[in-house]
Amino acid sequence: MRVALFPGSFDPITWGHIDLVKRASLIFDKVIVLVANNSAKSYLLSDIERYELTFEVIASLGWSRIFVDRYDGIILDYALKNNIGFIVRGVRAFHDFEFEFERYVVNNKLSPSIDIVFLPSSDKYLFVRSDLVKELIKNKNFDLSSFIPDLVQKKLKSKFIDKLS
């Protein structure tokens, strides 16, 4: 069975992420969406909130071979502990590729048994980024349904109302 890991912070999960997961599921028998923590990032949502929201969104799509998990450690460790042979990384533009390629070289030296698979973003999601969504959600008048599922938009709006009150 070909199992792939699709790691990310998912703060929040976007249609761009969902598109990449769907496309990865066409290549692999099983895809694990891994909600991970990056100590260099500051998050709007807690790790539990990011996991629960990502889980709800993926579950609502009814995909049987896609699973959600969370991990607070090095992604390569998770992959090795769970016998996962592939890590899928989305790339939107050249600067993403440059960053991901550097990661690929390091990961390959540390664990050559795990292959990194780069998937380019679909055209309509090239400029969809979680940080952009967080910036736009501050203005409650924007309809962000082309960036994020309604479930995510409702959660973020309620989160911002709580933070701003």
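Just so you know, glycine gets a Cβ as well, placed from its N, Cα and C.
Same-site candidate for substrate binding, as annotated by Swiss-Prot with LYS41, ILE75, ARG89, chosen from SER9, SER122, SER130: SER9.
For SER9 (ATP binding site), the binding-site residues whose C-alpha atoms fall inside a 10 Å radius of its own C-alpha are LYS41, out of LYS41, ILE75, ARG89. Among the record's ATP binders, SER9, PHE10, HIS17, GLY90, VAL91, ARG92, GLU100, TYR125, LEU126, PHE127, VAL128, ARG129, SER130, ASP131, no two C-alpha atoms are more than 18 Å apart, and one pair sits at exactly that spread. LYS41 (substrate binding site) and GLU100 (ATP binding site) have their C-alpha atoms 17 Å apart, to the nearest angstrom. Here ARG89 (substrate binding site) is positioned 14 angstrom away from LEU126 (ATP binding site), judged by their C-alpha atoms.
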